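What Swiss-Prot annotates here:
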- HIS167, ASP169, HIS182, HIS195: Zn(2+) 1 binding site (BINDING)
- ILE288, ALA332, ALA380, VAL429: Ca(2+) 5 binding site (BINDING)
- ASN112: N-linked glycosylation site (CARBOHYD)
- ASN147: N-linked glycosylation site (CARBOHYD)
- ASN404: N-linked glycosylation site (CARBOHYD)
- TYR361: phosphotyrosine (MOD_RES)
- 1-13: signal peptide (SIGNAL)
Amino acid sequence: ATFFLLSWTHCWSLPLPYGDDDDDDLSEEDLEFAEHYLKSYYHPVTLAGILKKSTVTSTVDRLREMQSFFGLDVTGKLDDPTLDIMRKPRCGVPDVGVYNVFPRTLKWSQTNLTYRIVNYTPDISHSEVEKAFRKAFKVWSDVTPLNFTRIHDGTADIMISFGTKEHGDFYPFDGPSGLLAHAFPPGPNLGGDAHFDDDETWTSSSKGYNLFIVAAHELGHSLGLDHSKDPGALMFPIYTYTGKSHFMLPDDDVQGIQSLYGPGDEDPNPKHPKTPEKCDPALSLDAITSLRGETMIFKDRFFWRLHPQQVEPELFLTKSFWPELPNHVDAAYEHPSRDLMFIFRGRKFWALNGYDIMEGYPRKISDLGFPKEVKRLSAAVHFEDTGKTLFFSGNHVWSYDDANQTMDKDYPRLIEEEFPGIGDKVDAVYEKNGYIYFFNGPIQFEYSIWSNRIVRVMPTNSLLWC
């Protein structure tokens, strides 16, 4: 591992390919950045590899592995979606390849482990730092037989420190953003140690980088876990702020850590969140909307992003794009002429322009004219040609007039009367090419606006190419 840093500019024989449509958009800086990223996180060249004369993985192979890891279209070309992922702040541990200077073991042989906070970041108080690490260790001790004890001097199993740039382990940090932290797997010397880049702004909130979230991830590495391909997992390599509410370790991480250490005596949170499977025959959806030519499909803490030119839908945590939004979405719709997407949860709604929440939001749904009895919406769809927006709640539908900014008279109406045959509730809805697509559990109805009737009934998951 010592010498993979020496190879940045010398061990590459193949140029990095890029998408044909992106020729004019990619700068030399983009290409250099992408090569550095791939060398760092996909089969980094190590001293052991050099001594053994191991075959150097080509740039294209690394790029394909990276695209596969993140669920992107595996094109072997450097396109915009690939660069977008590369630019996100992340853990410094490779996704594919060895990250260690000394021999590693798969797990700790003992269940009673010690940790020591060697130094502190100036960004938050000492007590906040200590609380963040205490909570982070508890994430793992809650689901395993592991016990963690803090010591204040001497050498602990897990030594925790903050540093900048080159900080003594041959894996230098890179300044603000980019690489946030790294940790070593169980083993002697550096084994188990976790290092945090003090050029980042560490916080106890959604601002900067939340120390608890990053610490919990890094300690997963300290205990023997590699990165997960599951975008909902704590061990997914990209940083995402998960919200103020009580953190629950996702099921993927529970399965991983218990495969090493077994379960604990009593799990305080037996229901761990799972990542939705797009081809689940029982799949139901929370909300659907278009956004600048793409389709956004919300389910639990996630959304799938469907691009017309891409085969595979991409799955993301909602908070990875909009940290200030709630984890779950009730309804959503796009207003193309205003370049806005509206998101609803409970009695609140947000207006978004791309990644940005508009000033003055969230607002209350009562501002739109809903009575206080309406506590949440189940679906919404906007019609650009008429300026009308339909809102669904319970077994009723409302019609909102954009021009007058009021609800239309004679509403609400019963869903079954307004759209015969689709049932008395709607989970999600969107409009395309003169058809309205209503989703109710695992079934979707294609409804013709012109003939006022259902023309097709399909599985919900067919929207995701299943």
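Cβ coordinates come from backbone N, Cα and C, glycine included.
Put simply, HIS195 (Zn(2+) 1 binding site) is 38 Å from TYR361 (phosphotyrosine) when counted between their Cα atoms.
The residues near the Ca(2+) 5 site, meaning same-chain residues not in ILE288, ALA332, ALA380, VAL429 whose C-beta sits within 8 angstroms of the mean position of the site's C-beta atoms, are ALA287, THR289, ALA331, TYR333, ALA379, VAL381, ALA428, TYR430, in sequence order. A strand conformation is recorded for HIS195 (Zn(2+) 1 binding site) in the three-state DSSP classification. Taking a C-beta cut-off of under 8 Å and a sequence gap of six or more, HIS167 (Zn(2+) 1 binding site) has these contacts in its own chain: SER161, PHE173, HIS195.
In this structure the C-alpha atoms belonging to VAL429 (Ca(2+) 5 binding site) and ASN404 (N-linked glycosylation site) are separated by 23 Å.
When the recorded positions ASN112, HIS182, ILE288, ALA332, ALA380 are ranked by how far their Cα is from the Cα of ASN147 (N-linked glycosylation site), ASN112 comes first. Cβ proximity to the Zn(2+) 1 site centre (mean Cβ of HIS167, ASP169, HIS182, HIS195, cutoff 8 Å) flags the following additional same-chain residues: GLY92, SER161, GLY163, GLY168, TYR171, PRO172, PHE173, ASP193.
Most other Cβ atoms within 10 A: among the binding-site residues HIS182, HIS195, that distinction falls to HIS195. Using a 10 angstroms CA-CA radius around ASN404 (N-linked glycosylation site), none of the recorded positions in ASN112, ASP169, HIS182, ALA332, ALA380 qualify.
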